[in-house]
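Asker: From TrEMBL, here are the annotated features:
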type    : residues               : note
BINDING : CYS110, CYS114, CYS117 : [4Fe-4S] cluster binding site
DOMAIN  : 96-308                 : domain 'Radical SAM core'
MOD_RES : LYS322                 : N6-(pyridoxal phosphate)lysine
Amino acid sequence: MPDGDATRQGRTLRSAAALRQAGLIAPAAEADAARVAERYSISVTPHVAGLMDPSDPADPIVRQYIPDAAELITAPHEIEDPTADAPFTPVKGVVHRYPDRALLKPLLACPVYCRFCFRREVVGPDGGLLTEAELDAALAWFERMPAIREAILTGGDPLMLSPRRLGAILSRLAAVPHIETLRIHSRVPVSEPSRIDAAMLGALRVGKPVFLAVHANHAREFAPAAMDALNRLADAGVPLLGQSVLLRRVNDSAEALEALFRAMLRARVKPYYLHSMDPAPGTARFVVPEAEGLALMRSLRGRISGIALPAYVKETPQGGGKVPVGST
Ligand SMILES: *Cc1c(COP(=O)(O)O)cnc(C)c1O
Ligand code: SF4
């Protein structure tokens, strides 16, 4: 690793200038990165910066988080709300697409901002935190919908809430008789593992199962501190699932996927979903064609244990929900 380690141990990098000062982009790339930052948030935690090798142009960690001028070009097939959440929003912060489960998005901040994010038009550090009144209205919606058996917290990243706030939300949902299970989707265990402390573990203990789906795309994201955080969660009785996105030049080979899913199993994380890229603006450089993804999944069948294999899925346009790739 080049210089910059001292800087990298410090604070989260949130601007093009901060990335340059940390040695994560070349001075010549700063102007483009600053233009991208005007439109899409940047955040690289000290932990993630420490995983990067900026001297390697193919580094799969750099590629996931470091902005690229290509993000300013919207390809013809790309759309602002690729999962079509808006028509399925009965109350601010809720997405209800399936009869038995619904999403709650209490905030839109994340520990890191992924360059391929399908919610990139809305996520960011200063947007989307529901007010107390909005949160109350969203929770009241769950309380009066008896068909809802599972509440799924997403965002943004729910583990960016303080343990006190998160615990209050989970406790209120767990107290609803028809809600049987809770689920949280998060990138925190692999991007800011220090947040998984005793207080956070306490917030997850609400008397009903709280599943945690961890978003990770490369085996190197399972660094020692992330493994420790995942072990703390598993030891606290939190069932762990893995969700990944199939990304060009991050994990688009049988070797990379095998290593990723094996790393998950070592962390007691059951690979759950491998998502095909949603067509969010400025993300064309990450797209892997479905035929190629299907071939990769087939090649994994013989190579790794069945419990290491996720379902390869995509979102259908107009809000049809998730379907297995290859089924339509
Ligand atoms: C993905 C998603 C879910 C969860 O679906 P599972 O298949 O149960 O993981 C729930 N609601 C919405 C709106 C979703 O997009
Ligand atoms: S953590 Fe999730 S919501 Fe946040 S930027 Fe990454 S993909 Fe998007």
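Using the three backbone atoms N, Cα and C, a Cβ is placed for every residue, glycine included.
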Asker: Within the set CYS110, CYS114, CYS117, LYS322, which recorded positions show a CB-to-ligand 1 distance under 6 A?
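Answerer: Those recorded positions that pass the cut-off, since their Cβ is under 6 Å from ligand 1, are LYS322.
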Asker: What is the set of residues, excluding CYS110, CYS114, CYS117, whose C-beta falls within 8 angstroms of the centroid of the C-beta atoms at the [4Fe-4S] cluster site?
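Answerer: For the [4Fe-4S] cluster site, the extra neighbours are VAL112, TYR113, ARG115, PHE116, ARG119, ARG120, VAL123, ARG187.
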Asker: Around the Cβ of CYS114 ([4Fe-4S] cluster binding site), how many other Cβ atoms lie within 10 Å? Please give the count over every shown protein chain.
Answerer: 22
Asker: Do me a favour and check the Cα-Cα span between LYS322 (N6-(pyridoxal phosphate)lysine) and CYS117 ([4Fe-4S] cluster binding site); whole Å is fine.
Answerer: 16
Asker: Fewest other CB within 10 angstroms, which one of the binding-site residues CYS110, CYS117?
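Answerer: Ranked by other Cβ atoms within 10 Å, the binding-site residues CYS110, CYS117 bottom out at CYS117.
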Asker: So for LYS322 (N6-(pyridoxal phosphate)lysine), how many other CB atoms are inside 10 Å of its CB?
Answerer: 16
Asker: Check the DSSP secondary structure of CYS117 ([4Fe-4S] cluster binding site), expressed as helix, strand or coil.
Answerer: coil
